[in-house]
Amino acid sequence: MAASPAAGAAAATVSSFVSPSSFSSVKASKPDRLRPARRAAAVNVRCVSSPPATETSFKTKVPRNANMAKLQAGYLFPEIARRRAAHLLKFPDAKIISLGIGDTTEPIPDVITNAMAKRAHALSTVDGYSGYGAEQGEKKLRAAIAATYYADLGIEETDIFVSDGAKCDISRLQVLFGSNVKIAVQDPSYPAYVDSSVIMGQTGLYQEDVQKYGNIEYMKCSPENGFFPDLSSVPRTDIIFFCSPNNPTGAAASRDQLTKLVKFAKDNGSIIVYDSAYAMYISDDSPKSIFEIPGAKEVAIETASFSKYAGFTGVRLGWTVVPKELLFSDGHPVAKDFNRIVCTCFNGASNISQAGGLGCLSPEGLKAMSDVVGFYKENTKIIVDTFTSLGFNVYGAKNAPYVWVHFPGRNSWDVFAEILEKAHVVTTPGSGFGPGGEGFVRVSAFGHRENIIEAARRLKQLYK
């Protein structure tokens with residue numbers, strides 16, 4: 001049966017939203033050491049804004065969650081995808097280079113995929129098959145995480161909960177905390193902290209004049225304060241979301257700064273949710289874990305992920321550390337309640353992805369991940385050198401895969417549009433990370449080397 005014209009139009013609309021990125025064909029001056037001889041074409045399907053639903057005459061009697069109505073427009077990255085798709089409709093032949101969403105691009109090292117393939121093949125045998133695993137993660141992987149990242153820090157394998165990624169665990173932690181808490185976030189910060197807080201009913205309405213939600217404490221992080229908040233001016237909150245190295249600014253907190261943060265949490269009886277997703281990018285003596293700070297086990301939870309180390313953005317594997325020393329106000333262990341949340345809401349990470357995690361933590365896997373991180377850090381240097389040569393002030397980059405570029409006095413969405421329109425390069429507007437991001441754009445170093453070089457050329461041409 002032939003498709004109707006309407007159906008064809010709908011299909012065209014959908015395909016424009018889920019089409020793979022179009023990359024430049026410009027080649028680097030030397031071959032990529034991480035690139036395989038041949039690469040299969042990839043189709044990236046994103047969570048993008050849905051087209052308006054066709055009106056129907058029937059409505060259920062189920063009320064909408066009022067908290068969903070508080071959310072502002074679309075989530076940041078789907079909105080960027082929508083604008084990118086619209087740009088392609090306007091310029092169908094454009095070779096768009098994406099330096100926007102922080103998605104990895106380089107192949108997962110063989111030592112890691114071989115471990116996953118071996119586990120996957122074993123599932124086809126009687127002896128190798130396994131069904132549901134422990135919701136908290138496989139004992140061997142939890143032990144390996146503890147030994148690799150928390151040796152001598154007093155963190156045990158039973159404190160570690162393996163997950164399908166840090167972002168998912170952030171929402172599970174929000175379920176754990178409930179709706180009757182007040183949170184603080186760095187400003188700017190990763191949007192998932194604020195949006196999950198809104199969905200949980202922890203916030204007031206969005207205040208358009210200041211671009212903030214009520215009942216959230218926005219801790220300003222700017223070049224003027226070294227991207228670390230003035231804690232003396234921050235009121236008490238129950239939960240403090242803190243990411244270091246920070247997304248989007250790329251700033252890594254020093255040992256002295258984190259010591260102040262832990263003391264601040266202790267003085268106020270708060271819990272820190274410490275996002276260490278980019279810790280492996282730290283190249284100086286900045287702490288890679290909050291638990292390097294004395295007393296942190298009594299006030300902190302740490303989330304982490306293999307996504308940006310091993311290219312697991314699609315594989316999905318991370319972990320959260322909830323120390324047994326961390327207690328609620330009534331003396332009940334936080335870990336016991338989080339374990340109940342995990343057992344209720346989650347059946348455990350894929351056994352194949354966990355096999356990949358063990359591959360990551362083998363000596364060969366750790367070396368391979370270090371090489372991948374080094375590759376992206378080389379990309380970061382190219383981006384930094386490009387903007388610096390053009391006279392821009394740039395921040396971050398040293399300990400993170402993000403470059404935070406300042407466009408004083410300009411609207412960050414306008415800068416995003418200018419770069420997309422004139423250079424066909426996607427960045428991320430800083431205001432999408434909070435009001436403190438206005439006047440900045442985040443440029444991601446996740447990209448193939450030839451695309452980073454070509455993007456640098458276009459940016460130099462645009463702003464020369």
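Positions of Cβ are set from backbone N, Cα and C atoms, glycine also.
Annotated pyridoxal 5'-phosphate binding in Swiss-Prot involves Y132, N247, D275, Y278, S305, S307 plus, out of the candidates R142, R316, the residue R316. Checking the candidates R410, R442, R449 against Swiss-Prot: the one annotated together with G102, E135, K167, Y190, N247, N347 at the substrate site is R442. Nearest Cα neighbour of S305 (pyridoxal 5'-phosphate binding site) among the listed binding-site residues (G102, K167, Y190, N347, R442): K167. Counting only residues at least six positions away in the same chain, the Cβ atoms of G100, P248, Y402, V403, W404, V405, T427, T428, G430, F433 sit under 8 Å from the Cβ of R442 (substrate binding site).
Geometry remark: K308 (N6-(pyridoxal phosphate)lysine) versus N347 (substrate binding site), CA distance 24 Å. The substrate site in the record is lined by G102, E135, K167, Y190, N247, N347, R442, and its two most distant CA atoms lie 36 Å apart. The two recorded residues, Y132 (pyridoxal 5'-phosphate binding site) and G102 (substrate binding site), show a Cα separation of 31 Å.
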